[in-house]
Amino acid sequence: MVSTIHCDSLWYGADIVTMRGGKYHLIPQGAMAVTDGKIVWIGPYNELPRLSASREVIYSSGLITPGLIDCHTHLVFGGDRSAEFEQRLNGVSYAEIAANGGGIVSTVRATRNASEQQLLEQALFRLKPLLAEGVTCIEIKSGYGLSLESEIKMLRVARQLGELLPVTVKTTCLAAHALPPEFSGRADDYIDFVCDTIIPQVAKEKLADAVDAFCEHLAFSLAQVERVFLAAQQAGLPVKLHAEQLSSLHGSTLAAKFNAMSADHLEYATESDVRAMADAGTVAVLLPGAYYLLRETQCPPIELFRQYNVPMALASDANPGTSPALSLRLMLNMACTLFRMTPEEALAGVTCHAAQALGLQETQGTLETGKLANWVHWPLSHPAELAYWLGGQLPASVVFQGDARP
């Protein structure tokens, strides 16, 4: 006698794009059974086992993809730098803007001056458009406080976002983002402060899931970043790195040495960097929004990532200076158009590979038995349309941990 499987809910009637192994692996007319917020069965509807579901949801058509994951953002910050955008378009250089108190220094000042509640309200305003596009998991960095009090304030706000809205929030301590004004000309002293004070306190309060740094001529050196990584290691936190965005310092090789979850930007990564990332299992997080806004001309080495089987993730890099992007779907099109990624690679970049960049590959990023029941139902007929359309085509519905998101 065939036993009956009991589940909380059964969902069927749409084609399911599972993204197993980074490929579409489409199930026509698929079905998913969910219990306790996890998928307990997935497959073609006509192969359903005997099920008893407390609730059934029938999709009349369309596509289901895994919930989208934005694995690199700077959503929490104070102030507004839209005026700088106009200035740059009128020929004012970034150096001139910075000399007049603008640039990242203005964001640091505004973030320090803002209350926790003000930062929370502003971040909610930025997060909601991403959720409307089907984002079910997001990473949020600190890095605009650059003091113990303000870095902790930013991370607390990021944690609150995950408590207030139906979305998984992973937080990253990016205190080694820029040099605060009070440490002008004393970068090593600031790195001492980050390593000896900020990272240990953030770890003690369990406010961060990872530690990041910015390795670049205008930020921090390889030696300074290595000290940050050692402090993170001592605190029991994994690392990731902004690397090779504007020049080749081989920061991604250093990141790989520390088994970083990801190295991000990577426009100037070399073959040796890519090989090191492949050996370490470090994900390449590509950020076409920043590439676009900065009018960069050097693309990340996509062919090398393919050759060495380095997983490529995509993210919005939502931030006030170089990527004021509140659309992860737009990044799919940009990655295909600017970086020549395929639509399938792009979708993998905001699902399974983005999950890997956050260390969440065991629970999110694909639609498989045992994974969280996070998915998006789209009024589309082919998954390539997600990268093809510029704007529009919002999800018909989003499911987060087995429940339809309001």
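Glycine too: its Cβ is placed from the backbone N, Cα and C atoms.
Swiss-Prot names His72, His74, His242 as Fe(3+) ligands; from the candidate set Asp8, Asp317, the record adds Asp317 to that same site.
Binding of N-formimidoyl-L-glutamate is attributed by Swiss-Prot to Asn319, Gly321, and within the candidate set Tyr24, Tyr45, Tyr59, Tyr144 the record adds Tyr144 to that site.
Of the residues Arg81, Arg227, Arg275, Swiss-Prot places Arg81 in the same 4-imidazolone-5-propanoate site as Tyr144, His177, Gln245, Thr322. Taking only the Cα positions, the spacing between Thr322 (4-imidazolone-5-propanoate binding site) and His72 (Fe(3+) binding site) is 13 angstrom. Most other Cβ atoms within 10 A: among the binding-site residues His177, His242, that distinction falls to His242. Sequence-distant contacts (6 or more apart, same chain, Cβ under 8 Å) of Arg81 (4-imidazolone-5-propanoate binding site) comprise Gly102, Ser106, Thr107, Pro320, Gly321, Pro324. Distance noted between the C-alpha atoms of His74 (Fe(3+) binding site) and Asn319 (N-formimidoyl-L-glutamate binding site) is 5 Å. In this structure, the C-alpha atom of Asp317 (Fe(3+) binding site) lies 13 angstrom from that of Gln245 (4-imidazolone-5-propanoate binding site).
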